[in-house]
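Everything below concerns the one structure shown next.
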Amino acid sequence: MKRRISWDHWSAVLVLVPSLAALGVFVYGFIVWTGYLSLTDWNSYIPNFHWAGLRNYVAVFETFRFQSDIRNLIVFTALFILGCLVLGLFLAVLIDQKIRAESLFRSIFIFPMAISFVATGVIWSWLLNPQTGVNLILRALGDTHPPQWFLSTAIVPSIPLGLIQVGIPLALVAVTLAAIWQMSGFAMAIYLAGLRAIPDEMKEAARIDGAGAWRLFWSVIFPQLKSSTVTAVIILSAASLKVFGLIYAMTGPGQDFTTDMPTLNMFQTTFQGSQFADGAAIATILFLIMAAFSIPYLITVLRREEEA
Amino acid sequence: MSIKKRAGMALASVLALGTIAACGTQPSTTSSSPANGSKQLQIFSWWTGVASSKALAALNTQFVKEYPQFKVINEAVAGGAGSNAKAVLASRMEAGNPPSTFQVHAGHGQLYSWVQAGDMSSLNALYRQQGWYHDYPQSLLNLLTFHGKIYAVPVDMQRGNVLWYNPTLFHRYHLTPPRTFTQFFQDAQVLKSHGITPLALANHGNWEATLLWSDVLLGTVGPTQYDALLAGHASWTSPGVVQATQTFTRMLKYANTDYTALHWQQADQLVAQGKAGMNVMGDWAQGYFTTDLHLTPGTGFGWAPTPGTQGTFAVVSDVFGLPSHVKNKTATLDYLKVLGSAKGQAIFNPLKGTFSPRLDANPKAYDAYSRSAMQSYKRDKLVLVIGQGAVNPGFTNAVNNAMEILVSNHNVSQFVHSLASAAQANPLP
Amino acid sequence: MVAVRRVRRTVLYLVLTLFAGLYLLPVYVVAVTSLKTGAAIDLAHMWALPRTFSVGSLGAAWTQLGPNFINSLYLTIPATVISSLIGAMNGYALSKWRFRGSNTIFFLILLGMFIPYQAVLIPVLRVLEAIRLDGTIPGLILVNVVYGIPITTLIFRNFYVGIPREMIEAGQMDGAGYWGIFRRIVLPLSASGFVVAGIWQFTQIWNNFLFAVAVTTPPHQPVTVAVVNIAGSQTIQWNVQMASALMASIPTLVVYILLGKYFVRGLLAGSVKG
């Protein structure tokens, strides 16, 4: 008996080997390659592996554009994840009420995900163009000063730090709206899968009409959705760090770089500016930021799980 | 239990479908194995639009007619001003797998950078053999020649310094197309007083404002000083650049405010609809006016050189070269022969809405606008456009970045200083 | 009590319909634009229905997208299935057969999710060339499967954490081994997991543009490349772009509807009882 269990554990290890090998090359190998590149002088079409030390990092950090990118990334990620989770959970709970035409509603809410980022970007740049789009409707409803959406260069509150103003760029909020529209359906799907895994008896207990249903939901149902929330947060934060196509098609870097992102900066630096080492430095910083935020978070989550 | 069973069956059917699809890919990949790769010609460009893809297809047909042993693969990749195409090309070049030939703008931009990197072969022998030294103006060939060697063949010609205007509006308010900046601001004032946006501006792609600024710079300092700046022989903080940038920021005050949201076509649409009076854009705009909006040159839309640039033609020319590491040089050279020939260009250009840069090109094959542009091209001094292949990619990117800040804060001195430091980091030419 | 319930249901459907309307608003603009003629597209009238319906752009889109559709199916179906299966096997190993270092391995796999694709374009092409898969659909499948492993592993691991330990132990009592438990107990419970992983992977791979355009060459290019190409570089045709984007999203919608069926209530509860 005992020997078989250990053989089963070996199976588990063996199953993981191919994945680890593939990721070893395509993720960790390439990170090392990118990291090495970022320490060289390769800043034109002529490959130049002369050692540059941290010079490229200093140069990148000293730009207004990159400092704006960091601010934008943090603001975008926070608003985007929060928006998707709240909306996704809300819609999932509504759909889980044994409704009619469930599949219709479900499909409508996930459908935005199916439309390519490029088309989404174009459409939302029309919808949120202050001269037309949504503002046509708002004006018809009597709003004489509709929002400037992604053309606003305002940053609230604007606290000077380094070369930039720190705060929430209003233009970025408009971009976040488009991103939430596109991805909240996926958060809904994750929560729905989680809700469907909860035994009906438990849900019935929480659904008992009258006072306390709200509290019961948060104290009984929501804790059951913890692993769904973790899944959603990790996937959405990865999507947010990598956001590119949507912004590229919707606003580009934006006036004063109010809607710029590190990925956009990296792409233009590398392929339009042919500054490969600077681009690699941006990519490396992006990866380090991600690690700095996610490693402590993941460790706590995994540790708590182990205790449970 | 039945639910479990159904889920299992669904899974099995998805699996089966996947296996079928996976098997289906096998024959298609072996059929195009590199065995017949030497007979294949990959033409890399960003020509995917209706007119340009039609023109390219016609050119490829002509090539296959003359050289039936080859098969042409059109590897066009779309993206504003070739942004995606440049990324894919750079990746493939760096991975040592270049296409047979690729589109690039004439000048000291990307083309010169690839030459410097040793990735291009010179074409002097081809030019001699085809007699092209006499078929193209020397001033154009100078833009393709580095250190005495010529590296590319031009296929078309476009102009970057054109002011488009609405003739109906200009007639109604008794305006003439501005020849100087003073006249421009006078016209702008009149239009503004009638509630019309004087200058339509788009800057969604982050290169359109740079194009306008480049034209203002050219009109302010003149072609000689402009060339000196691009060649790295003059300072970017010199009074001429400062004055031009001030003029540029003053022009922004007469422009629509939503330019970040607009693509260049939408700016030209404002002019066509009479909502705006003028727009500065390369003459690819004329294809949009005539083909998409069905307007007649002269009555539906008018044009003039941008203020201060009479007698100067800002070149945006698509050229093709011979990558050094290409597998079959003969194939590429044969393609370039057709691409540079009078016949090839006579087929290509009218379809694309551009004109042939050859001296023997027949003006009768082109419409009113192109004929007038052709005349200027043969007569005027040729210069390059910043952001359209004039200067190295690093500098261009820095200008575009500085521009995003300038259009927002109008800080001229900050702008010229970032240009100066960009020129230091990315030596010109 | 019945009346209260009826009011609640009405409010529920009202809220759902309201949100559905909001979600469909942009889709409406896509659809309306795709039915307009090029010259009729004007930001000031974006909400208006086309005066003359033109299916020209739909036709133009279809003739150009057709062949690329097949490529996309060859690409997306195997890549989605393979990466989901790998994810299921990894998730099973990592959640039900914990061993020393299994969390570290999970963590190393997870980090792969955060790599920005733009940064690895050049090395990806070099590796594919070295294994002679450059320019082909199998090469693109490989890339998509590898970069899909972290996300599918995460989805299945966190999904399988919810399967009670007693069920695995019951399987062991019955004499089932590692694979027997996976096949007979875990896999049949995985429908919702496959829905989530499948939706994500299918959408991501179907819509991925950067790898598609860099890895494959014509005629092997998937539909995303065609959608972008069809719109043009210099003069963008909005109607054709919207028509092709809409058309290209239909297979994904079909997948949502097909997979959505397996969001069946009480799957897990039922099997625990049975």
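Cβ coordinates come from backbone N, Cα and C, glycine included.
Annotations in TrEMBL come from automatic prediction, not curation.
Residues annotated as domain 'ABC transmembrane type-1' in TrEMBL: A:70-299.
Taken from TrEMBL, the feature transmembrane segment applies to A:12-36 (among others).
Per TrEMBL, transmembrane segment is recorded for A:73-95 (among others). When Cβ-Cβ distances below 8 Å are used as the criterion, the transmembrane segment (A:73-95) is approached by residues 102, 105-106, 109, 168-169, 172-173, 175-176, 179-180, 183-192, 194-195, 217, 225, 229, 232-233, 236-237, 240-241, 243, 261-262, 289 of the same chain, each at least six residues removed from its ends.
Look at TrEMBL and you will find A:107-127 (among others) tagged as transmembrane segment.
Sequence annotations record features per position, and here TrEMBL assigns transmembrane segment to A:170-193 (among others).
Nonlocal intrachain contacts for the transmembrane segment (A:230-251), taken as residues 6+ away from its ends with a CB within less than 8 angstroms of a stretch CB, comprise 73, 76-77, 80-81, 84-85, 88, 116-122, 124-125, 150, 171, 174-175, 178-179, 182-183, 186-187, 190-191, 259-261, 263-264, 267, 286, 289-290, 293-294, 298, 301. Positions annotated as transmembrane segment by TrEMBL: A:230-251 (among others).
Look at TrEMBL and you will find A:280-302 (among others) tagged as transmembrane segment.
When each of A:107-127, A:170-193, A:280-302 is scored by its Cβ pairs under 8 Å to the transmembrane segment (A:12-36), the top-ranked stretch turns out to be A:280-302. Panel annotation: around the transmembrane segment (A:280-302), residues 31, 34-35, 37-38, 56-57, 59-60, 66, 70, 73, 230, 234, 237, 241, 262-263, 265-266, 269-270 of the same chain, lying at least six beyond its termini, place a Cβ under 8 Å from a Cβ of the stretch.
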